[in-house]
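Presented below is the structure to which this report refers.
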Amino acid sequence: MDLFEYQAKELFAKHGVPTSAGRVTDTVAGAREIAEEIGKPVMVKAQVKVGGRGKAGGVKYSPDVDAAVANAEAILGLDIKGHVVKKLLVAEASDIAEEYYISFLLDRTNRTYLAMCSVEGGVEIEVTAEENPDALAKIPVDAVKGVDLAFARSIAEAGKLPAEVLDAAAVTIQKLWEVFINEDALLVEVNPLVRTPDDQILALDGKVTLDENAAFRQPGHEAFEDRDATDPLELKAKENDLNYVKLDGEVGIIGNGAGLVMSTLDVVAYAGENHGGVKPANFLDIGGGASAAVMAAGLDVILNDAQVKSVFVNVFGGITACDAVANGIVGALKTLGDEANKPLVVRLDGNNVEEGRRILAEANHPLVTVVATMDEAADKAAELAHAAK
């Protein structure tokens, strides 16, 4: 889960990372109030989860309250790379002597953590990495040892920060590591980390990505969810504990087990090449349980996707036998009633498959077609989706 800048700074403050004073608002009047409270020049910053805000006119210096109001009026509602600005961070403007870069992230390739640091901050780090790779230090972090002050200082040294700020930078870097570990983050980035004329170190910007798999032990993170920006279908799936990702195709997919669902996406995409280029509409894994309630929840999500023209239910019976899956499908269709209005192609295999197929045959639902193999089912689902386009 990506956080807005103001949310990242809330976590920074929680762990003692120094930042500029400020508050978030969603109105021009609120921007005026905050600017008046601060009583100094402020920065008015668009709160969107995308880079390049400054170039798009989403970050503006405001020397006085009137300027802050004018800038708030200009930024609210601004479209930045498809993200409409609905919130502003109004923060005290800081005098800047130098700008640095620091981040902690999960290094999946090497199965460890990675710190990155550079004396060249304030610009897109991808540009620095490409044009001057030697300016970006990459330091592996031992997951057991972590980052103490001494190691934090070595990170700052590797990034070639000036000697006179190494100690102050080390303190901030160590606290950023605490944010990374204690908040179960996948990324903590500060760009720029600034040095003020009196040698203070401040995190003027912040980017944090939280690991949603750790939500069970981070109850406070629920408050960071941006429900307005979340796809309503994904929100409905989450409320029903379904693993769902919306795609841009026409064939809805339901399967049990991530591996089977991924394989189903592949065969549907392949079959779609022969049927007008139709593609999978989603990833939906119902897990080990295929009860009527679970199946109804899954179908409810998929059938409410206007792009979906057909549904492919692909289940391998294991602990949950195929007859239970079949009863789940029949029960789900009864529960949904008229909402179930798109053709379903069902492929069952595994434990008690013959009984499962018998149950579906006896139900004789007009929308359900039972197919024996995955390839045939994918082809049929793609054909039906193409015909309905």
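Backbone N, Cα and C define each Cβ position, glycine as well.
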According to Swiss-Prot, which candidate in Lys45, Lys86 joins Gly52, Arg53, Gly54, Ser94, Glu99 at the ATP site: Lys45
Per Swiss-Prot, Gly318, Ile319, Thr320 bind substrate; matching candidate in Asn256, Asn274, Asn282, Asn364: Asn256
Spatial neighbours, same chain, of Gly52 (ATP binding site) - Cβ under 8 Å, 6+ residues apart: Ile80, Lys81, Glu124
Three-state secondary structure, Gly54 (ATP binding site) (per DSSP): coil
Annotated ATP contacts Lys45, Gly52, Arg53, Gly54, Ser94, Glu99, maximal Cα-Cα distance (Å, integer): 20
Residue from Asn191, Asp205, Ile319, Thr320 whose C-alpha is spatially nearest that of Glu99 (ATP binding site), among the binding-site residues: Asn191
Nearest recorded site to Ser94 (ATP binding site) by CA-CA distance, among binding-site residues Asn191, Asp205, Asn256, Gly318, Ile319: Asp205
Rounded Cα-Cα span from Gly318 (substrate binding site) to Arg53 (ATP binding site), Å: 50
